[in-house]
Amino acid sequence: MAKVPDLFEDLKNCYSENEEYSSAIDHLSLNQKSFYDASYGSLHENCTDKFVSLRTSETSKMSTFTFKESRVVVSATSNKGKILKKRRLSFNQPFTEDDLEAIAHDLEETIQPRSAPHSFQNNLRYKLIRIVKQEFIMNDSLNQNIYVDMDRIHLKAASLNDLQLEVKFDMYAYSSGGDDSKYPVTLKVSNTQLFVSAQGEDKPVLLKEIPETPKLITGSETDLIFFWEKINSKNYFTSAAFPELLIATKEQSQVHLARGLPSMIDFQIS
């Protein structure tokens, strides 16, 4: 008489084999971390204020950048995804590694970049090439004349009846060995040693007296350098010290630096 198979015994054996296999897999997973698991274990209090190297056996902080409204948000997160620190940086200004490390010290604040926008320009060396224009006059888009203000250290724009008061300029060309698309120049009041000097946004340009025409301009002296650009009959002078600002005028006001309207930033030269 043939033996009837014991179905319950087969199911029991199958269950036992699967249990052993499952136990082996569980044991393996407990003793081997995934290759992609950058960190594990709890985040210790003593490392919340420090940056540590990114190794698979250590807890680390990750810096993430999100771009929104011309801002950079830098976040430090734990291995559990919790945001520990957050800082905002201006997107259009440079920031350094020190700025990133500073995340660990403040919960949230706006970083004032340690490098001013013109700091890179200050590292350039401008060498005198030659004089390119002599005794020329500048008129703005309202056809106002440029003349020396009563304080003798500023320039002013207005419509003059006596054109003898109108300032004449000399222009000197320089070479920086940098961007060939830019044309660095200095502007000097003719027959004087007064050079036009940039002072900042909406601030009047200063007439700085220099004993002789500078042959080499570096560092803080880059306030004397302007990038001359000519488009058709319009001339523009962008400050090397303040790269987003140009020499500008308003109606009957001192010559200053501005980004554009309501100031006028184009000039006619004759």
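Just so you know, glycine gets a Cβ as well, placed from its N, Cα and C.
Checked against Swiss-Prot, the range among 15-19, 75-79, 85-89, 110-114 recorded as region 'Nuclear localization signal (NLS)' is 85-89. For Asn139 (N-linked glycosylation site), the number of other Cβ atoms no farther than 10 Å from its own Cβ, over all displayed protein chains, is 17. Confidence for the region 'Nuclear localization signal (NLS)' (85-89), expressed as mean pLDDT, is 51.
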